[in-house]
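Peer 1: Sharing the features that Swiss-Prot gives for it:
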- Thr144: active site, AMP-threonine intermediate (ACT_SITE)
- Asp106, Thr144, Asp311, His312: divalent metal cation 2 binding site (BINDING)
- Lys230, His268: AMP binding site (BINDING)
- Cys37-Cys42: disulfide bond (DISULFID)
- Cys42-Cys72: disulfide bond (DISULFID)
- Cys52-Cys54: disulfide bond (DISULFID)
- Cys52-Cys65: disulfide bond (DISULFID)
- Cys58-Cys64: disulfide bond (DISULFID)
- Cys83-Cys129: disulfide bond (DISULFID)
- Cys91-Cys303: disulfide bond (DISULFID)
- Cys319-Cys416: disulfide bond (DISULFID)
- Cys367-Cys752: disulfide bond (DISULFID)
- Cys500-Cys558: disulfide bond (DISULFID)
- Cys515-Cys598: disulfide bond (DISULFID)
- Cys721-Cys731: disulfide bond (DISULFID)
- 33-77: domain 'SMB' (DOMAIN)
- Asn175: N-linked glycosylation site (CARBOHYD)
- Asn218: N-linked glycosylation site (CARBOHYD)
- Asn229: N-linked glycosylation site (CARBOHYD)
- Asn364: N-linked glycosylation site (CARBOHYD)
- Asn471: N-linked glycosylation site (CARBOHYD)
- Asn553: N-linked glycosylation site (CARBOHYD)
- Asn633: N-linked glycosylation site (CARBOHYD)
- Asn704: N-linked glycosylation site (CARBOHYD)
- 1-23: signal peptide (SIGNAL)
Amino acid sequence: MIQQKVLFISLVAVTLGLGLGLGLKESVQPQAQSWSCSKLRCGEKRIANVLCSCSDDCLEKKDCCTDYKSICKGETSWLKDKCASSGATQCPAGFEQSPLILFSMDGFRAGYLENWDSLMPNINKLKTCGTHAKYMRAVYPTKTFVNHYTIATGLYPESHGIIDNNIYDVNLNLNFSLSSSTARNPAWWGGQPIWHTATYQGLKAATYFWPGSEVKINGSYPTIFKNYNKSIPFEARVTEVLKWLDLPKAKRPDFLTLYIEEPDTTGHKYGPVSGEIIKALQMADRTLGMLMEGLKQRNLHNCVNLILLADHGMEEISCDRLEYMANYFNNVDFFMYEGPAPRIRSKNVPKDFYTFDSEGIVKNLTCRKPKQYFKAYLSKDLPKRLHYANNIRIDKVNLMVDQQWMAVRDKKFTRCKGGTHGYDNEFKSMQAIFLAHGPGFNEKNEVTSFENIEVYNLMCDLLKLKPAPNNGTHGSLNHLLKNPFYTPSPAKEQSSPLSCPFGPVPSPDVSGCKCSSITELEKVNQRLNLNNQAKTESEAHNLPYGRPQVLQNHSKYCLLHQAKYISAYSQDILMPLWSSYTIYRSTSTSVPPSASDCLRLDVRIPAAQSQTCSNYQPDLTITPGFLYPPNFNSSNFEQYDALITSNIVPMFKGFTRLWNYFHTTLIPKYARERNGLNVISGPIFDYNYDGHFDSYDTIKQHVNNTKIPIPTHYFVVLTSCENQINTPLNCLGPLKVLSFILPHRPDNSESCADTSPENLWVEERIQIHTARVRDVELLTGLNFYSGLKQPLPETLQLKTFLPIFVNPVN
């Protein structure tokens, strides 16, 4: 980072020096000067074909240059004004509701502003005076059309259909690209963009370029829109947006978009670390300054709500960092979308679309070399945090490429200089800016990062609209707003727990279970017979933030209380929906006992509703795993509380390597680092990979010869106190969360780990599969943190937080 900063400072000096020498200052360029006033132009006679006027009647004619008042009338510029106070909100007559401007600067990575805000005085003032996030997370793939349309709809790409800048749809038998006329076919564009939400509810919307806005989606366009033309100067775009705000009330738009291609165009050509990027950033900054000056000239600078954001970031690339498919296949006989987010499909479509050997391609790209700069996935196996599987347009073969690398067909590929984007949205280089200013937003406010799927709901709130269904979590950005329009309501539990009373000891012959080390079976079983006081104490210890609520209809389950853990045992799937426990910094672990050595039926569960040990035969690839690790108990005798069939779940033998190391090594490590953890874990069933829990009818279709359904994933939610002086049980302030959705697969080929020790790969693997608590909720039908006393919007912030583990390359 220090080297980067030194390089940039040098580039700044060179750039500014060249600027002075080569006449880059606007005051020297007649064309640039025509967009602004000067003392010489003040009071000028009207001239034909001038881009804006500095004549004495320009205010009356509404064609003044945006800086007319500051240059010709001696008023202070917006840039030199102090930040508006909370009492300074003002709108001129005729503006009963604040207009909303959504301004996108393409490819403006958050790191540009983090490091070089002093070079961008207008953007820096917006950041200082308004609300800003350290960064906004783009959706995957981090491409232009994908993210702009997600911002407009609040939908993941798999939901709105624009899954990349280049797409093939087998049902339409059409190809989509940015330059093709087919991109204007409404069949590509799903969801309800914000301009339609506005017009459907009586407002007017105007778009000066936005992907999708020139398409007749659902039979209509925005009230006003412009067909894309990249040759139109940025100043002309700003001028037109300001003219829209000058329209009579009956015609004036309430929602407006503005888009500029910089710094993306320059980033692609020269890369994100270059003197040219500095010029592009300063050009973008001047464009914002022109807009704010124009708003102030209309007394709208404290009336309009403005959101300034980007679609994605930018990463440096090199022709020395390419992975060639020709090095993995003798004959590259398939179609490949090349670059930082590659996909592979059949060349012969639609004929071979469904019969293409996607699994064979992934297998041939997995663990082929000691060091590969990509991982190959079937779309259904991609990290759930990406939400990139549930659409026929998403090809089944996907490559997740390392930072600064690209995967391509062969050496004919030449677009490998400068910069690009499209990578994993957790990479720091892909992070985008988010700034907001206006009477609707809090002042001088920095907020934690969030995902761009949340912006649609935020815009609806500012415009007092009811959002269309979307993937955002409504209310999670209320802390950005001065007076939140929407108040979220707590989820309502759909299925309450049943009773599973302590019963007689069943015959061991029923289960096939054995445990020769138990000499006093009745005494061991009586430990499961907790009285009400003991249950209350267990809940205080093991469920400090409330019991996970079941939002699935007609779910039959009961709560099982033990001293050191609590579980919700499902009679539908014959395993726990969840298990919850709390461990401390000092919790010690030992080698977990083998279930085949000691396991017995839970006397609280009728035999007909219980798993049996005979379900697990030695020749099967499935083995019983524990949700609550028995070795977390403090004595061998207490371990018997967990060596019961109600605590086991079916796991592939290969997966138990990851699961056991996670629980015996990593969870205790995290507990030491965070002064204790509350742990909730359980199974996930998502066979149709739509990101939502499967119905029980669907689950039953995937019962194999073990007679129990096999989960597609397992989740783990680790919660601690943000103030690590406190343990999870005495935490009065904000909470901190780490959550994971781990694919349940028969092998560990994702990590090329069949022979590697667990300490070399398990932690990296689980970090790849980090997730939001909200993702876990959607996949399980559970509602977490129901017992928190804090306002619900604060809980929603916690649920939508995504941990980041990726170390930046630059």
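The backbone N, Cα and C atoms fix where each Cβ goes, and this holds for glycine too.
Small disclaimer: the values here were computed from a predicted structure and weren't measured.
Show me how these features fit into the shown structure, please.
Peer 2: Secondary structure at Thr144 (active site, AMP-threonine intermediate), taken from DSSP and collapsed to helix, strand or coil, is helix. The Cβ neighbour count for Thr144 (active site, AMP-threonine intermediate), using a 10 Å radius and every protein chain shown, is 21.
Sequence-distant neighbours of Asp311 (divalent metal cation 2 binding site) (same chain, 6+ residues apart, CB-CB distance under 8 A): Ser104, Asp106, Gly107, Ala138, Thr142, Lys143, Thr144, Val146, Asn147, His148, Ile151, Ala432, Asn452. In three-state terms derived from DSSP, Asp311 (divalent metal cation 2 binding site) belongs to neither a helical nor a strand segment and is classed as coil.
According to its DSSP assignment, Lys230 (AMP binding site) is coil. Cβ contacts within 10 Å of Lys230 (AMP binding site), excluding its own Cβ and spanning all protein chains shown: 9.
Same-chain residues at least 6 positions away in sequence with a Cβ under 8 Å from that of Cys37 (disulfide bond) are, in sequence order, Cys54, Cys64, Cys65, Asp67, Tyr68, Ile71, Cys72.
The Cβ of Cys42 (disulfide bond) lies under 8 Å from the Cβ of Cys54, Ile71, Cys72, each on the same chain and at least six residues away in sequence. Cys42 (disulfide bond) falls within neither a helix nor a strand when secondary structure is assigned with DSSP, and so counts as coil.
Taking Cβ-Cβ distances under 8 Å and a sequence separation of 6 or more, the neighbours of Cys52 (disulfide bond) in its chain are Ser34, Trp35, Ser36, Cys58, Asp63, Cys64, Cys65, Thr66, Thr239.
According to its DSSP assignment, Cys64 (disulfide bond) is in a strand.
In sequence order, Lys125, Thr128, Cys129, Glu443, Lys444 constitute the residues six or more apart from Cys83 (disulfide bond) in its chain with CB-CB distances below 8 Å.
Cβ neighbours of Cys91 (disulfide bond) (same chain, under 8 Å, six or more residues apart in sequence): Ser98, Asn299, Leu300, Asn302, Cys303, Pro439.
Reduced to three states, the DSSP call for Cys416 (disulfide bond) is coil. Its own atom aside, the Cβ of Cys416 (disulfide bond) has 16 Cβ atoms within 10 angstroms in the protein chains shown.
For Cys367 (disulfide bond), the number of other Cβ atoms no farther than 10 Å from its own Cβ, over all displayed protein chains, is 16. Secondary structure at Cys367 (disulfide bond), as computed by DSSP, is coil.
Counted within 10 Å of its Cβ, the other Cβ atoms near Cys500 (disulfide bond) come to 20, all protein chains included.
All protein chains shown were included, and the count of other CB atoms within 10 Å of the CB of Cys515 (disulfide bond) stands at 20. Classification of Cys515 (disulfide bond) by DSSP places it within a strand.
Listed in sequence order, Arg674, Asn675, Gly676, Thr727, Pro728, Asn730, Cys731, Gly733, Pro734, Leu735, Lys736 are the same-chain residues six or more apart from Cys721 (disulfide bond) with CB atoms under 8 A from its CB. Reduced to three states, the DSSP call for Cys721 (disulfide bond) is strand.
Within the chain, the domain 'SMB' (33-77) has long-range Cβ neighbours (under 8 A, six or more residues past its boundaries) at 26-27, 233, 235-236, 238-239, 242-243, 246, 290-291, 293-294, 296-297.
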Peer 1: Can you check how the pLDDT averages out over the domain 'SMB' (33-77)?
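Peer 2: Mean pLDDT for the domain 'SMB' (33-77): 92.
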Peer 1: What are the sequence-distant neighbours of Asn175 (N-linked glycosylation site), meaning same chain, six or more residues apart, C-beta distance under 8 angstroms?
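Peer 2: In sequence order, Asn166, Ile167, Tyr168, Thr182 meet the Cβ cut-off.
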Peer 1: Output the one of Asn364, Asn553 that, of all these glycosylation sites, has the highest number of other Cβ atoms within 10 Å of its Cβ.
Peer 2: Asn364
Peer 1: Could you tell me the C-alpha distance between Cys319 (disulfide bond) and His268 (AMP binding site) in angstrom, no decimals?
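Peer 2: With distance taken Cα to Cα, His268 (AMP binding site) is 14 Å from Cys319 (disulfide bond).
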Peer 1: Tell me the Cα distance separating Cys500 (disulfide bond) from Asn553 (N-linked glycosylation site), rounded to the nearest angstrom.
Peer 2: 19
Peer 1: Including all protein chains displayed, how many Cβ atoms other than that of Cys752 (disulfide bond) lie within 10 Å of its Cβ?
Peer 2: 16
Peer 1: Would you mind ranking the glycosylation sites Asn218, Asn229, Asn633, Asn704 by how many other Cβ atoms sit within 10 Å of each Cβ and giving me the lowest?
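Peer 2: Selected from the glycosylation sites Asn218, Asn229, Asn633, Asn704 on minimum Cβ neighbours within 10 Å: Asn229.
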Peer 1: Taking the Cβ of Cys598 (disulfide bond) as centre, how many other Cβ atoms lie within 10 Å?
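Peer 2: Within a 10 Å radius of the Cβ of Cys598 (disulfide bond) lie 17 other Cβ atoms.
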Peer 1: To see if you understand the setup: which same-chain residues, six or more apart in sequence, place their Cβ under 8 Å from that of Cys558 (disulfide bond)?
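Peer 2: In sequence order, the residues whose Cβ lies under 8 Å from that of Cys558 (disulfide bond) (at least 6 apart) are Pro497, Leu498, Ser499, Cys500, Ala568, Tyr569, Gln571, Arg604.
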Peer 1: For Cys500 (disulfide bond), which of the three DSSP-derived states applies: helix, strand, or coil?
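Peer 2: Going by the DSSP assignment, Cys500 (disulfide bond) belongs to neither helix nor strand, so it counts as coil.
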